[in-house]
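J.: Annotations for this protein, taken from TrEMBL, read as follows:
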TRANSMEM  A:6-25  transmembrane segment
TRANSMEM  A:46-69  transmembrane segment
TRANSMEM  A:75-95  transmembrane segment
TRANSMEM  A:116-134  transmembrane segment
TRANSMEM  A:146-167  transmembrane segment
TRANSMEM  A:179-200  transmembrane segment
TRANSMEM  A:248-270  transmembrane segment
TRANSMEM  A:282-303  transmembrane segment
TRANSMEM  A:374-400  transmembrane segment
TRANSMEM  A:421-439  transmembrane segment
TRANSMEM  A:445-467  transmembrane segment
TRANSMEM  A:479-499  transmembrane segment
């Protein structure tokens, strides 16, 4: 069967599966819609969190970026996994004990303030929309490449699928769909990685083959060969860094803290039954994420070595077949500047003849390894699973924030649960349409939105939640002042360097050499300082709030009069 | 009772501080601040600093969370704060 036929078949089958699950797990009550009834098993929640978290960026782009920047790519690897340690230790158990439905719920109740709740709703909706726009675009691109439809059509198909299971099923439908999507995406990622590892290093486990010796040159380590090839061509050695240490430090921290503060990840910990389930499910989530995140740098190194070895300095006519297939898509481009029919690849723009889109590294893998056609279809299905699961999780945060935090908690407190559920579904539907619009007409900033979403999450939510749990004296004045300072500072810095003065966006003009990607860390620090200072000079929170904080710090009150049997 | 909750919380904070110290050392320490120095040592085909930055720190993160889960479950039991099973409610 052709690649096209396999892709239709596998993508079609996985979609039937997702929709089937959505119908089976449709939500009947607001509690099922918002937090899947609060009884998801920790293992299932771990898988769902992993799928929720790993987006098209993780699946398609990350290995490609690492492949081109080598060790500097570690900011993504450590940044997007280390946040789970913060989440598991500092936030998840306490938010579960708090036991409501959303992040603004917590912020509003803990800081006994509608203003704080509104600030949190605005942050949640803004972060989610910037993030979801990129996902819908990703869905459109994968569809258009593998199903040969226009990007617009691809986005439209994606909208219908997401609409179906986010609007019908709510959190319950999304959770079980995401479990299936995790299985699809991890299988699709590992199959080609394992085959390539076997071909190049003779080792079945990519993580081990990464540090192993080459099958074709026994005794030579893959990474040493890669360093050698890179320097021969004038690139920096693969295993050394070029970014400044301070920038690497700040970017990693912003990604970690942003991960821990992203609303669609935090809400997943409201869906499990008990505090101890929340703790362990963060562990499962990171374990499932780590399977992909430790494979990615191996894939990156294999792909890089393969590219330098088989393409660079080779006669154009003798290149492998995958080169010409991807040339047709325009994502690889050979420009024979000196007309010698030999591919010359170099960091020097004057003489370099080869241009490669970073995103093809994962997508082209099956062809590079000459794997059967069905694997290509599988990778397409995996990329779609990654993008759709993240989009659905974000859309749910938007609809919950609107239906619950704006309508019930702020404007119409006496609304019935049935009507609230209708509002939640309408909001989810509206969010799908807006997200689809951004997918079709991407605002110029989609490429930079990831930095934006993470920086904002790091600078706004994380300190407010952290202080809300760990400081009994933190009051509403401090929290609101901190959130507003953190957000305004971070947004202003990013907007200044990426939209207003992009020509100044380099290390020379950055404050302390911190790039816009890493500035959320400084925003978070400012938030903490402002919050602590303001709260020192204003009243302590009321007694019932202090009791609530004591309450969320322990999983269950023991009852000395009636000890459990 | 109140005293018991305070002791529980204090022990929790000690666990958090120790685990987060390890978290900081493997990622920001080994993976970023001392990565070049560590690169002079090797582990098979990996330079050590590079390994921490791209693989090692992630493995340690996973292990840290499971250690935390184990420590806290034990602590919950010790202070009788552990949640009851459904049937015991």
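In case you wondered, yes, glycine gets a Cβ from its N, Cα and C as well.
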J.: Counting Cβ pairs under 8 Å that are 6 or more apart in sequence, does the total for the transmembrane segment (A:6-25) and the transmembrane segment (A:75-95) reach three or more?
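T.: Taking Cβ pairs at least 6 residues apart, the transmembrane segment (A:75-95) and the transmembrane segment (A:6-25) are not in contact, as fewer than 3 fall under 8 Å.
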J.: Would you kindly check A:46-69, A:248-270, A:282-303, A:479-499 and say which stretch has the most C-beta pairs under 8 angstroms to the transmembrane segment (A:374-400)?
T.: A:46-69
J.: Which listed range (A:146-167, A:248-270, A:282-303, A:421-439) shows the maximal number of Cβ pairs under 8 Å with respect to the transmembrane segment (A:75-95)?
T.: A:248-270
J.: Would you mind listing the long-range same-chain contacts of the transmembrane segment (A:179-200), meaning Cβ under 8 Å and 6+ residues beyond its ends?
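T.: The answer is 14, 17-18, 21, 44, 47-48, 50-51, 54, 59, 206, 208-210, 214-216, 222, 288, 291-292, 295, 298-299, 302-303, 305-306, 362, 365-366, 368-369, 371, 375, 378-379, 381-383, 385-386, 388-389.
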J.: Test the contact criterion for the transmembrane segment (A:421-439) and the transmembrane segment (A:116-134): 3 or more CB pairs under 8 Å, pairs 6 or more apart in sequence, then answer yes or no.
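T.: Taking Cβ pairs at least 6 residues apart, the transmembrane segment (A:116-134) and the transmembrane segment (A:421-439) are in contact, with 3 or more under 8 Å.
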J.: Cβ under 8 Å to the transmembrane segment (A:248-270), counting only same-chain residues 6 or more beyond its ends: which ones?
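T.: Contacts with the transmembrane segment (A:248-270): 34-35, 38, 45, 48-49, 52-53, 72, 74-76, 78-80, 82-84, 86-87, 90-92, 95-96, 99-103, 123-124, 127-128, 131, 171, 241, 278, 281-282, 285, 390, 393-394, 396-397, 400-401, 451, 453-458, 460-462, 465, 514-515, 517-522, 524.
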J.: What residues in the same chain, six or more past the boundaries of the transmembrane segment (A:46-69), come closer than 8 Å to it by Cβ-Cβ distance?
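T.: Same-chain contacts beyond the flanks: 40, 76-77, 80, 131, 134-135, 138-139, 142, 174-176, 178-179, 181-183, 185, 189, 242, 259, 264-265, 268, 271, 281-285, 287-289, 292-293, 296-297, 299-301, 303-304, 307, 357-363, 382-383, 385-387, 389-390, 393, 450.
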J.: Mind checking which residues reach the transmembrane segment (A:116-134)? Cβ under 8 Å, same chain, six or more beyond either end.
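T.: Apart from its flanks, the transmembrane segment (A:116-134) reaches 55-57, 102-105, 107-108, 262-264, 390-391, 394-395, 397-398, 401-402, 405-406, 409-410, 431, 434-435, 438-439, 442-443, 446, 449-450, 452-453, 456-457, 460-461, 464, 476, 479-480, 483-484, 487.
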